[in-house]
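**Q** Here it is, the structure in full.
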Amino acid sequence: MLTHSFKLVTIIAEPVLEPRITTELRRLGATGFTVVEGRGQGSRALHAAEIPGINVRIETIVPPEVADRIVEYISKQYFADYEVIAYLSDVQVVRGEKYRRAP
Amino acid sequence: MIETLKANLLSPIPLAFALGIVTRLMRSEFSLPKDVYSALSIYLLFALGLKGGVELAHASFDSIVAPAGVTLLLGCITPLSTYAVMRYVGRFGTSDAAGMAAHYGSVSAVTFIAAQQFMQRVGAPAEGFMPTLLTLLESPGIHIALAIGAIQRNKQLLALGGDKNAHGSVREVLHEVLTGRTMVLLVGGLVVGYFMGESGWNAVSPFFESGFKGALMLFLLEMGIVAGDRLGDLKKVGPFLLAFGIVMPLLHGAIGVILGAWAGLSPGGAAVLGTMAASASYIAAPPAVRLTLPEANPTYSLTAALAITFPFNILAGIPIYYSIAQAIAT
């Protein structure tokens with residue numbers, strides 16, 4: 001089957017940042033995203049959730065240039081003050097046009 | 001006062017709360033499922049709003065004006081005094097002081113409900129329109145505190161030659177506070193309750209009234225667990241914040257009771273208003289502070305609000321504010 005190379009961007013963040021980050025993802029060129037909630041602890045463990053230890057994992061599949069923009073934005077905006085990590089992985093998808101915003 | 005304190009400690013709410021703390025001290029893994037906890041808080045807040053709305057329909061405009069006025073005044077006093085004490089007595093930075101001011105300027109709805117239950121039990125029920133005052137007190141504290149924080153922060157950034165890029169816009173914070181669970185359910189409940197009136201309330205009261213105290217006990221059990229989780233952080237916050245978490249509610253509580261009595265509230269009503277002023281928010285304030293003042297350390301404010309002030313108010317504060325109200329009345 002014909003597949004296309006894309007990037008999977010994974011962002012794990014304090015829940016309070018979810019609305020902000022997901023809004024920004026769309027602005028930066030992502031066509032969609034998935035959010036899951038989970039438990040965990042990072043190196044700081046000081047976030048302000050009502051229930052301690054809850055994090056959100058936000059994932060989006062995007063073209064490489066969009067992935068770079070997203071990671072750069074997240075690192076500039078949030079790494080200093082918040083408990084946030086972001087990483088990229090290579091993925092192969094069918095229906096490549098689904099993950100590319102029409103110019 | 002000692003008798004009231006003793007009687008309070010052996011009543012359902014403090015006992016359930018204490019069990020929650022003991023559960024954590026025993027290192028039990030038990031906690032309520034997150035969705036059950038959310039559902040309980042929705043039930044409690046909506047029931048509170050509805051009942052308050054039904055009662056509001058009976059209240060005369062004249063009887064509410066003065067209490068509403070002093071409530072707004074309290075909403076200005078509590079964040080300012082918290083900021084001043086944190087900054088100039090505790091020598092904390094502007095962000096940490098402003099973050100704490102937002103927590104102590106806002107209200108803990110659960111503490112409020114506990115105070116109402118206490119007043120009912122001792123036979124001095126508060127006025128029916130108290131939930132309206134709760135919604136009035138909920139947001140000014142947060143906004144004043146965040147405004148102080150943002151202004152100070154921008155001043156510092158400008159002095160350092162940085163750009164004036166505040167993290168959270170006023171609009172975003174307003175949206176966060178006004179659309180939060182507490183405000184939607186309380187204000188929404190007040191409006192629905194007001195319009196549905198007594199007959200509407202009679203239809204739903206079997207659900208909202210008979211289960212209320214049981215649900216509150218379960219909720220307080222979980223709050224005990226959450227507070228117990230934070231007990232380990234007490235070591236991180238130091239003696240100043242420990243003292244702060246008890247002295248500040250006593251001060252704000254006394255001011256609230258005095259203003260309440262002055263505005264014509266009954267002893268029970270004045271004590272509930274005092275409790276509101278004494279309480280610190282740990283639901284609405286933390287996300288708002290996190291978004292606007294990201295460099296404020298949440299360990300300080302959450303530990304003080306949740307692990308010191310909340311238990312203090314539930315176990316001892318409420319009876320103390322009631323004793324002050326009684327002393328003023330006689």
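For all residues, glycine too, the Cβ spot is worked out from N, Cα and C.
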**Q** Of the ranges B:6-25, B:266-285, which one does TrEMBL flag as transmembrane segment?
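**A** Comparing B:6-25, B:266-285 with TrEMBL, transmembrane segment matches B:6-25.
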**Q** Would you kindly list the residues that approach the transmembrane segment (B:6-25) from elsewhere in its chain, counting only those six or more residues past its ends and only Cβ-Cβ distances under 8 Å?
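**A** Residues packing against the transmembrane segment (B:6-25) from afar: 114, 117-118, 121-122, 213, 216-218, 220-229, 231, 311, 314-316, 318-319.
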**Q** Quick one: find which recorded stretch in B:64-85, B:131-152, B:173-195, B:207-228, B:240-263 has the most Cβ pairs under 8 Å with the transmembrane segment (B:97-119).
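**A** Ranked by Cβ pairs under 8 Å, first place goes to B:131-152.
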**Q** Under 8 Å for C-beta pairs, could you tell me which stretch among B:173-195, B:207-228, B:240-263 has the largest tally with the transmembrane segment (B:64-85)?
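**A** That would be B:240-263.
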